[in-house]
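Take a look at the structure set out below.
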Amino acid sequence: MKTRTQQIEELQKEWTQPRWEGITRPYSAEEVVKLRGSVNPECTLAQLGAAKMWRLLHGEAKKGYINSLGALTGGQALQQAKAGIEAIYLSGWQVAADANLASSMYPDQSLYPANSVPAVVDRINNTFRRADQIQWASGIEPNDPRYVDYFLPIVADAEAGFGGVLNAFELMKSMIEAGAAAVHFEDQLASVKKCGHMGGKVLVPTQEAIQKLVAARLAADVMGVPTLVIARTDADAADLITSDCDPYDSGFITGERTSEGFYRTHAGIEQAISRGLAYAPYADLVWCETSTPDLELARRFADAIHAKYPGKLLAYNCSPSFNWQKNLDDKTIASFQQQLSDMGYKYQFITLAGIHSMWFNMFDLAHAYAQGEGMKHYVEKVQQPEFAAAKDGYTFVSHQQEVGTGYFDKVTTIIQGGASSVTALTGSTEEAQF
């Protein structure tokens with residue numbers, strides 16, 4: 001076990017590495033170690049994911065940038081890994097709607113239990129672990145061309161932290177324990193938090209938003225994991241703020257008050273840039289939430305951030321809340337992500353891809369099945385396309401194998417001394433027909 005002094009010296013040395021260039025910590029290594037306790041458990045999946053995410057952002061991504069899809073189940077994340085996606089995005093919106101621990105359906109207003117997103121991170125990582133175990137038990141190793149690296153980095157949504165700085169600190173720790181690689185925090189008031197594409201958003205003072213980023217970084221340092229911190233600002237659209245206490249915000253406050261006591265602000269890109277510049281020293285990536293897929297707006301934000309912080313990584317929400325074809329022509333849509341990447345937006349994601357795909361495809365199947373010729377539509381819309389997708393690496397046609405039946409047959413056989421009459425795949429319809 002390392003002594004307190006050894007841990008402090010090790011941490012001080014770590015912070016001089018290129019990984020931390022441009023990152024401000026308003027606390028000391030001694031203060032971090034003081035909060036750790038005598039035993040600091042390792043968070044292997046979080047460590048692995050954070051390191052992968054950092055490498056992807058710095059040249060290893062196939063396209064030169066990471067483009068993620070939102071997932072809300074382990075199975076969705078598994079299929080993304082098989083299909084070649086390089087990182088998973090887990091949005092609070094999707095968790096609120098269909099994957100929270102209250103077992104209810106909510107809008108994106110931080111109404112669900114605060115430990116719900118960490119629970120889904122854990123569930124996705126457990127699915128990755130099972131898929132990896134199945135692959136490994138089948139004799140497929142990393143040097144095999146059939147090998148799939150299932151342990152994709154997970155970028156998780158912490159919303160506005162579900163409270164104050166202590167809530168943000170504890171939530172970040174829970175995310176890391178579950179295996180998140182990166183976590184984002186937004187600058188809204190947690191008690192009335194809204195989806196970035198809703199009205200009624202209320203900002204907290206810039207200094208308070210910074211303190212939540214510091215809380216997140218401190219939590220990661222206490223856990224001993226280089227988790228990426230992503231700072232999101234909603235200041236492009238939000239025209240309310242809780243207080244005029246922070247001089248940094250004074251240039252945007254109009255003087256008008258609301259019935260709740262909030263202050264009106266001048267929403268827009270200048271307010272967003274101001275916030276982005278304030279957050280940049282405390283975050284690994286900066287994200288400006290926008291109302292439309294606007295390349296010029298994205299360029300203005302990127303140019304302003306990079307004028308003061310050259311090379312600062314940026315994130316962009318390619319949201320389903322945008323009507324893409326209403327805003328852009330097909331050619332621009334096709335080149336949109338590459339153009340963003342050229343501006344420095346190296347992490348791009350479709351927040352609600354998982355839930356839109358899941359709900360639409362079920363409606364499409366159910367409508368045809370209910371209105372038409374029954375099994376014909378299941379075969380045409382699901383089974384035959386699944387067979388056709390096998391050439392691209394899709395394997396869920398053999399659904400018993402996919403979820404681990406063969407793996408647990410191996411467990412049974414080992415326990416029973418090498419022979420068993422109760423294994424599940426032998427004699428199954430999958431063995432006979434697929």
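Counting begins at 1 with the first residue displayed.
Note that Cβ sites are derived from N, Cα and C of the backbone, with glycine treated the same way.
Feature annotations, courtesy of Swiss-Prot:
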type	residues	note
BINDING	S91, G92, W93, G196, H197, R232, N317, C318, S319, P320, S321, T351	substrate binding site
BINDING	D157	Mg(2+) binding site
ACT_SITE	C195	active site, proton acceptor
- Message: Can you tell me whether DSSP puts W93 (substrate binding site) in helix, strand or coil?
- Response: helix
- By Cα geometry, the one of the recorded positions (S91, C195, S321) nearest D157 (Mg(2+) binding site) is S91
- Query: Between the binding-site residues S319, S321, whose Cβ has more other Cβ atoms within 10 Å than any of the rest?
  - Reply: S319
- Note on the structure: Cβ neighbour count (10 Å, all chains) around the residue listed as 'active site, proton acceptor' is 21
- Query: Distance between S321 (substrate binding site) and C195 (active site, proton acceptor) at the Cα atoms, whole Å?
  - Reply: 10
- Given N317 (substrate binding site) and C195 (active site, proton acceptor), what distance in Å do their CA atoms have, once rounded to a whole number? 12
- Query: Near the Cβ of the residue listed as 'Mg(2+) binding site', how many other Cβ atoms are there if near means within 10 Å?
  - Reply: 25
- Mind checking which of S91, N317 has the fewest other CB atoms within 10 A of its CB? They're the binding-site residues. N317
- Message: When DSSP is mapped onto helix/strand/coil, what comes out for H197 (substrate binding site)?
- Response: coil
- Query: How many Å separate the Cα atoms of S319 (substrate binding site) and C195 (active site, proton acceptor)?
  - Reply: 11
